[in-house]
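Q: Quick one: the structure is below, and I'll ask about it shortly.
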Amino acid sequence: MIAYLTLLVVCGMPMICIEMAAGRVTQSGPIAAIAKLCPLMKGVGLAGVAASFFMSALYAVLFSWAIFYFFNSFHGNPRWATCANSWNTAKCSEDPYTLVKSLYGGFQNPNAPPPPLTLRFPNVTRPTVSNWTDVNVTTPGFRIPDLELDMTPRPRVPQGEDDSSWVSYTLSRHTTTAQEFFDHKLLEVSGGIDSPGEVRWELLASIGLCLCLTYVSLRKNTFFTGRIKYVLSLAPMLIMIAFLMRVMTLEGATEGIMYMFQPNIKEIKNARLWIFALAQTIHSLGLTLGSNYVVSSKNKKQISVMRDTVISVLVNTATVMVVGCVVFGTIGHICARWRQRIDSPFLHKDPGIIFVVYSEVIRNMPVPTFWAVIFFFFLICVAMDSQVTIASTGVQALEESYGRFIKQRFQGHGLFLLFICVACFITSIPYITQGGIYYFQMTDYYVAVLALIIISFLELCALGWFYGGHNLLSGQSEVMHHVPYIYLRICWGLITPLVFVAVVVCGGMSLSRLRYRNKHHFPMWVDIVGWILFGIIVSVVTRVRRQRPCTRPSLRE
């Protein structure tokens, strides 16, 4: 959180201000706005739109996940709350305390030291216990069929301390019900990216529904507009506040929230942390993809850009804080119940961690079915709103800059919009196979993280250096000598570019092979495909003909 807040101040705020100012001055979308201000860098806006196409496919997949969870919420108890399902494995456990008691029933205290010798035998029938069960061979009258010695090393504990690490080690070999639902019911995840498996037809139908709604919404311009957008913005926040109030009463939640704000020197020195924090800043403020240009272009030129910037940053920060407290509070609770360290790899840090965490929150709410239905309904609406926004921005930007070509090839807006939706549908199919989570992570890393960071830096160079950020605000003389304006000028000219360069260089030096859940290394060809995808998007910056140098449009136009 410290890295995110730091980058929000030194990168996020200057970037959103310069995007809003460019949209207000030019009254245009991202491609046309940059083309008017700095024609040589027109490709930066086009590269952002190209990245938004891949992002639209990822948003459609997230929408399908939310739809799946929504329909699985209509049960007396949400289906991810128990291990009594066909998809659960022997490692599933609903309650870690019951697990410890069933595994080590011979001990009154689960923290008692382990027996000197542990044996394993197959096919022991016990609830929520794996097929290979640890037993105490000193139990009187105990008979052992098909005996096999277990040579699994046990952690050594200093003399005089309780053996909590021994119990933690045992619990770490099991999984939560929410994690198993996500892995084995939603994804039906395969063994690796080399085994894509079958298409998940429920998710494919959900993506089709998402893109049909997107087409109708942009074709008729009736859905997710006006008052509906205010409801979609406020209702999820109220649900998050209710979740936060419940999370704060759970064991270990305080430790999780403190971990979120506590400085960790080892993590702060990790360059990968800053890369992902910068990418999160870009996504949370909607930078580079063009939405800030479009929103600001609909405002009058006399409206204060500084005011809109401050409001956007404050609302975004408040939202991130509430959501972060809910997530880390729940992680702290899960780790406390399972006797794991918060920074341990017990919880998988992949794109599905949000669904796993919120499933655990809902499981601990009173009347969990009600909260599951309400939460995932609004999550569907928010995902749909994001999908419509990003698709609308891309389509509007392309029609604004290449309107004549689109009219010649597609005979108008409707057919072009249909083409975009169908292309997005086809692009999203690999993500909803049984190996789709691997493709999802590859695209997320190379496009949503690395490519967007580079495009954001080039956008800053085009508007902040080549054109000059001070020129964008020159029409608002009332803020020219205010402290925020002076700070922004310093950021545009020096601080923000240096931070981008430092993050990119240090992060590039620490880049390693892409891994799934920090344990499954992807084949070399996955990294090659990822870098090719990255190169295609970034190379769009150069795919424009040479034009006149950067010019300053009249504010009276």
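Cβ atoms here come from the backbone N, Cα and C positions, even for glycine.
Note that TrEMBL annotation is computational and uncurated.
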Q: Can you tell which of Ser284, Ser359, Ser428 TrEMBL lists as binding Na(+) with Asn316, Asp385, Ser386?
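A: Answer per TrEMBL: Ser284.
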Q: Of the candidates Cys38, Cys92, which does TrEMBL name as forming a disulfide with Cys83?
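A: Recorded disulfide partner of Cys83 in TrEMBL: Cys92.
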Q: Hey, would you say the transmembrane segment (486-512) packs against the transmembrane segment (370-390), going by three or more CB pairs under 8 A that are 6+ residues apart?
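A: Counting Cβ pairs under 8 Å, fewer than 3, so no.
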Q: Within 8 Å of the centroid of the Cβ atoms of Ser284, Asn316, Asp385, Ser386, which other residues of that chain place their own Cβ, given that this set defines the recorded Na(+) site?
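A: Apart from the listed residues, the neighbours are His283, Gly286, Thr319, Val382.
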Q: Relative to the transmembrane segment (410-433), which of 45-71, 271-290, 310-331, 370-390, 445-466 accounts for the most Cβ pairs at distances under 8 Å?
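A: Answer, by Cβ pair count: 45-71.
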Q: Could you say whether, by DSSP, Cys92 (disulfide bond) belongs to a helix, a strand or a coil region?
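A: The residue in question, Cys92 (disulfide bond), is strand (DSSP, three-state).
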Q: Around Ser284 (Na(+) binding site), which residues of its chain at least 6 apart sit with Cβ under 8 Å of its Cβ?
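A: The answer is Leu8, Gly12, Asn316, Thr319, Val320.
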Q: Under 8 angstroms, Cβ to Cβ: which one of 45-71, 310-331, 370-390, 524-544 has the largest number of such pairs with the transmembrane segment (271-290)?
A: 45-71
